Amino acid sequence: MSEDSEKEDYSDRTISDEDESDEDMFMKFVSEDLHRCALLTADSFGDPFFPRTTQILLEYQLGRWVPRLREPRDLYGVSSSGPLSPTRWPYHCEVIDEKVQHIDWTPSCPEPVYIPTGLETEPLYPDSKEATVVYLAEDAYKEPCFVYSRVGGNRTPLKQPVDYRDNTLMFEARFESGNLQKVVKVAEYEYQLTVRPDLFTNKHTQWYYFQVTNMRAGIVYRFTIVNFTKPASLYSRGMRPLFYSEKEAKAHHIGWQRIGDQIKYYRNNPGQDGRHYFSLTWTFQFPHNKDTCYFAHCYPYTYTNLQEYLSGINNDPVRSKFCKIRVLCHTLARNMVYILTITTPLKNSDSRKRKAVILTARVHPGETNSSWIMKGFLDYILGNSSDAQLLRDTFVFKVVPMLNPDGVIVGNYRCSLAGRDLNRNYTSLLKESFPSVWYTRNMVHRLMEKREVILYCDLHGHSRKENIFMYGCDGSDRSKTLYLQQRIFPLMLSKNCPDKFSFSACKFNVQKSKEGTGRVVMWKMGIRNSFTMEATFCGSTLGNKRGTHFSTKDLESMGYHFCDSLLDYCDPDRTKYYRCLKELEEMERHITLEKVFEDSDTPVIDITLDVESSSRGSDSSESIDSLTYLLKLTSQKKHLKTKKERNSTIASHQNARGQEVYDRGHLLQRHTQSNSDVKDTRPNEPDDYMVDYFRRQLPNQGLAHCKLRLPGSRHSPASASRVAGTTGTRHHTWLIFVFLVEMGKKIPLKGTDLYGNCFKVTSLQSPMGKQTSTWTEKTRIPTEDLHHNLKSKIKECISFQSKKTGINWTDDEKRSYKDKGIVQTQEILQYLLPIVHSTKNMQTTQIKQLFNPRTNFQIQHQLNPATCRNIKKYSTSWTAPRNHPFVIQGDVMANSSEWVQSKPHRSLESLSPLKGPKKNKHSQIWAIKNEDIKPLSSKWETASSSFGMDANVLKYKSLQAEETNQQSSKHTALHLTKNKDEQANKNDGQPTLYLKFQRES
């Protein structure tokens, strides 16, 4: 054993040396245990010549007591010279002498999930005196809490109410990890089953594992478990029960397999306590007569299986050199919690430079799939492959394969013998009540003082979701570096195992109810990569494994993929690392933009890639059973308000609402007065109005002669009020990307990264307070945080002073301005695209398409090619119900003969202040650039608008816009000319540039 391994032995030596045998714990059983093992400690003698110590054992041989030193079995966990540590049960539990063993077997092809036929029945079993009880376990509630344990538990036999001469099935579950409380025969071949809740609780009924004998082959039996508590289950999504036949195992070497027909998970009648329960029913035909069969929720993995596995490692001369097995602590029932230290032994100081990796499993005893993943990990890391050797040379692995052996032994689903969920008590100071998690946390704390811990992972099972995924932790600081780095390892795992691991199902939020879980506690202790790996009880929905169940080999393979991903994560060649980092940046950019524009009231700092779902089938379930012997919780009395206080509160609320209504009307009136003298600088022209668009704002950008032509009558002074009428009650930001390129070049915009090197992305800011012809240009590098850009896009107006009236706003008016968003400032009119048009002198077909919600909004633009060099990004303030960006779609074509046909899409009707589902409409804008002969003249020609708006001034001077027409049929966009020849003649042979902008929700 290396020097480093000696110093890092975090075993619970304070209690491991005084509990070697059963007689040390309970003196009432000393005589029975002495008769069996014929051992006695020197401390048991009253002779003063014998030293009072527990380290000397007296063995009775040939009529005399022979002293010898106690073997350090507790120190090393398992010993090659002696048997395994005996399994201890609560004293009242009945245990059969028969040892249950199963063979390892993997089906030749993946087992498909069950597809409902629609003919499944829902049996309901009212209480009937004619029903026969065929199995009844001993009452588990003789004591309100755990008292003490002993080897073998209570060996009093339980008589069956039937014999072998009857055709009634015989049930048994009094073995390790077995769970079955009661069985009632309701028909000749139909049985109603009740599973036992976790000991010392009245809930957590999910795990079942029982034996069936005395069956007849070819008979259709129905089994119905009637006391599940979860409304949602994977059985509703095609999961099948597991079945094991001893005759099939001996004859054909077939192990656990998925079986069952007529599978149905449904809500049944309420129980006696008024709670609603859920039933699982299935039918099955046994393959053999008089066979011994088993049914289970998932592949069983018992405490004895773990001890046998660890004993094999300890007896292996090769693996035992780099895998040291110790006892971390003892549980409430005095069962051992093992810890493994896996690393290549080194006697020099280089071993301290190694980083540590921590893995734990089976904190929830019913999640047996976590033990199979742990087994796969240990098989690989202890193997002789070059990658395994590299991992052992690089890291120090601390592994706790079973955190809750007590719960595993008695067949609990979630809790320990304390009646509590251990994965909610990592912050608890009750070492005696939750020893395994207390010592695990202490071990990690001491380990972090000596070396860096790069990863912690707690293995779990999930009862409501398919696939395998992870839960991580996000910081409140929202640092982009840490924010993305915490997602790199799960992303690598999904790439190494694409048919089992789902990155999209991974969640990274830290909720208050999860603060006691292992991953959150370890993350707060300083472990950046702190995860919970969730493995489904069912199967996969990905790749080649889609629609099939996971086998034990599938679960074990996740241990290999975990090691493979760990090598990729720590590879000195950072190619894969940065590739995943770049992919995560793209995911964040797209998903965050979608969430920003879905609800612009949400601050950017609060927008994340995910919202962790409630995982009551995983590490996030609540266990709030109170134990008086653990902690006495004093109930807090709720102090009710007096009638006078309640009336005062109601009156204050009414006054606040009245003041709010008054302030709103007052602000709206002042807003109308302050904008009454706003002058429209756009010129009037006889047949169509031309908007001097961006002329004053961008004189130095080659857009001095950029005009927007809209069909219809002359621009009336009421246009400003009409445009204002289209604004909603929220402030949003519209992003208009104007691409200035050299003519004659074709730039592929589809899939182009706006943050890449092929574009120069800038932001333009205008000085507040006076009109100026210069603009301040700020160039942002692509690696800057995306959140900074998003915050700058949706920031509110920084000036609360009216530009025309010179009136200063009060604090209350500013607050109301922010809350209600009803003020339209002059800056909006400087950048606002005119969207209200007249239908005068238009064809009937054009009018129909004008008011068609599916018609595209087209813009024709002329630019000066002399200044077309850079890409500029302009941000204009817009007040619409939803905030959506313009997304580039298609290619930029410098050929006037190539017309891009518009795709049917939703219109700009979402700009109207409508409520309900109409807020999520889509729209798109086509910008068509025509090059003219004159170098300094350019025009924006706009086709018919895709919708019509009618603004009305209502009572209290509130503005409301109504959509005039909403047709659902699909139309193509109006062309600006009747045919291509006319367009070519109109442009005098000059090339045309098409820009297509699409706004999506």
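Using the three backbone atoms N, Cα and C, a Cβ is placed for every residue, glycine included.
Following the DSSP three-state reduction, the secondary structure of Glu534 (active site, proton donor/acceptor) is strand. Per Swiss-Prot, active site, proton donor/acceptor is recorded for Glu534.
In three-state terms derived from DSSP, His364 (Zn(2+) binding site) belongs to neither a helical nor a strand segment and is classed as coil. Sequence annotations record features per position, and here Swiss-Prot assigns Zn(2+) binding site to His364, Glu367, His460 based on sequence analysis.
Taken from Swiss-Prot, the feature compositional bias 'Polar residues' applies to 648-657 (among others).
Positions annotated as compositional bias 'Polar residues' by Swiss-Prot: 962-971 (among others).
For 299-570, the entry in Swiss-Prot reads domain 'Peptidase M14'.
Mapped onto DSSP classes, the region 'Disordered' (641-661) shows 19 helix, 0 strand, 2 coil. Among the features that Swiss-Prot reports, region 'Disordered' is placed at 641-661 (among others).
Residues or ranges marked as region 'Disordered' by Swiss-Prot: 962-1001 (among others).
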- How many neighbouring Cβ atoms, not counting its own, are there within 10 Å of the Cβ of Glu367 (Zn(2+) binding site)? 29
- Message: Which one is it: of the binding-site residues His364, His460, which Cβ has the fewest other Cβ atoms within 10 Å in this structure?
- Response: His460
- Item | Model confidence over the domain 'Peptidase M14' (299-570), averaged pLDDT | 94
- Message: Can you tell me how many other Cβ atoms are located within 10 Å of the Cβ belonging to Glu534 (active site, proton donor/acceptor)?
- Response: 30
- Message: Rounded to a whole angstrom, what is the C-alpha distance between His364 (Zn(2+) binding site) and Glu534 (active site, proton donor/acceptor)?
- Response: 12
- Integer Å distance between the CA atoms belonging to Glu534 (active site, proton donor/acceptor) and Glu367 (Zn(2+) binding site): 10
- Note on the structure: His460 (Zn(2+) binding site) and Glu534 (active site, proton donor/acceptor), compared by Cα position, are separated in whole Å by 5
